Amino acid sequence: MKSLTLRRPDDWHLHLRDGAMLEGVIGDTSRHFARAIIMPNLVPPVVTTADASAYRERILKAIPEGDRFEPLMTLYLTEDTVADDVEEGKKSGLITAVKLYPAGATTNSHGGVRDFNKAMPVLERMAKIGLPLCVHGEVTTPDVDIFDREKAFIDTVLEPLRQRLPELKVTMEHITTRDGVDYIKSSNANLAGSITTHHLIINRNAILVGGIKPHYYCLPVAKREEHRLALRAAATSGDARFFLGTDSAPHVDPLKECACGCAGIYTSINTMSCLAHVFEDENALDKLEAFASLNGPAWYGLAPNDETITLVKREEAVAFPEKIETGAGPVTVFDPMFPLHWDVN
């Protein structure tokens with residue numbers, strides 16, 4: 001039986017939500033992952049270190065008994081964020097990064113940044129103290145096509161920001177385009193990118209061909225096949241600038257299966273099985289540990305995990321539930337549209 005042992009992975013972009021949903025989904029992450037960067041776009045958002053501390057305590061209380069899991073907290077950047085509070089959060093060890101959502105870019109992002117000049121004092125302080133900025137890299141202006149938002153963000157927002165603050169460490173989260181891959185590769189320093197599980201597997205046909213498939217709808221939206229292939233090449237290359245951030249984002253089914261459905265795909269439960277399939281397809285199983293377990297910690301200045309997990313390839317396909325039941329309601333699990341034979345032993 002084929003097997004692969006690697007250091008326990010981390011998830012560098014995760015939505016856990018709160019309340020009953022948090023309690024219903026956290027076990028799917030804590031079973032396999034040692035750490036995760038937790039997104040702050042709650043309602044209301046996590047905007048201060050006090051908010052982050054309280055949210056962290058709720059997460060810790062929800063972790064299933066026996067699981068060892070560390071939530072890495074972030075702050076939601078607004079035009080009113082206080083630089084001293086951000087610095088204190090970093091000094092205390094509570095805050096791992098600050099998250100930039102352009103206003104209106106994704107779920108619960110309406111309080112995000114509209115005028116970057118108002119956020120510059122905080123960004124300048126972050127550059128000074130070495131605190132990374134995680135960016136949702138899309139513009140939201142109505143004249144830009146949704147499939148072009150990432151390229152437009154690089155050209156009109158990110159590159160000018162990095163020219164102005166070259167010492168600011170920036171993570172381009174959930175990149176979805178060849179443009180994003182090439183931009184990161186062209187950088188000499190202070191730029192890296194996370195890649196989701198689902199963007200390695202689906203292109204925009206998955207959402208639109210044969211009827212609208214709401215459970216493949218996410219933001220940033222999946223792009224053309226050429227972009228998916230560029231992401232796969234980057235993820236499986238071993239390049240230290242690319243690492244796993246699942247962007248696993250649970251929504252109850254009624255909020256997905258409606259006239260104006262929410263963006264988000266739930267992948268925490270089967271991510272490692274999906275990744276092993278993808279990396280085996282690319283003859284790159286030897287690069288999976290770098291992508292899932294090594295590159296992310298190195299970028300964020302943390303040691304890799306000492307614990308290991310073992311993936312085993314089984315003859316029979318591994319059965320994952322079509323849905324998970326949470327106290328908030330049912331959540332549909334990502335279906336990669338191929339049988340999964342790799343299993344976490």
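Cβ atoms are placed via backbone N, Cα and C, with glycine included.
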Next item on the list: Among K99, K118, K151, indicate the single residue that Swiss-Prot lists for the Zn(2+) 1 site containing H13, H15, D247.
Entry: K99
Checklist line | substrate binding, same site as H15, L16, R17, H136, L219, H251, A263 - Swiss-Prot member from N41, N188, N190, N283 | finding: N41
Margin query: I need the least crowded one of these binding-site residues (L16, L219, A263), counting other C-beta atoms within 10 angstroms of each C-beta.
Written below: A263
Note to self: Of the binding-site residues N41, H136, H174, H251, A263, which one has its Cα closest to the Cα of H13 (Zn(2+) 1 binding site)?
What the structure shows: H174
Next item on the list: Using the recorded Zn(2+) 1 site (H13, H15, K99, D247) as reference, state which further residues of the same chain have their Cβ within 8 Å of the centre of those residues' Cβ atoms, listed in sequence order.
Entry: L14, I37, M39, N41, C134, E173, H174, G245, A249
Checklist line | Residues that sit under 8 angstroms from D247 (active site) by C-beta distance, when 6+ apart in the chain | finding: H13, L14, H15, E173, H174, S194, T196, H198, C218, G264, I265, T267
Next item on the list: Translate the DSSP assignment of K99 (Zn(2+) 1 binding site) into the three-state scheme.
Entry: strand
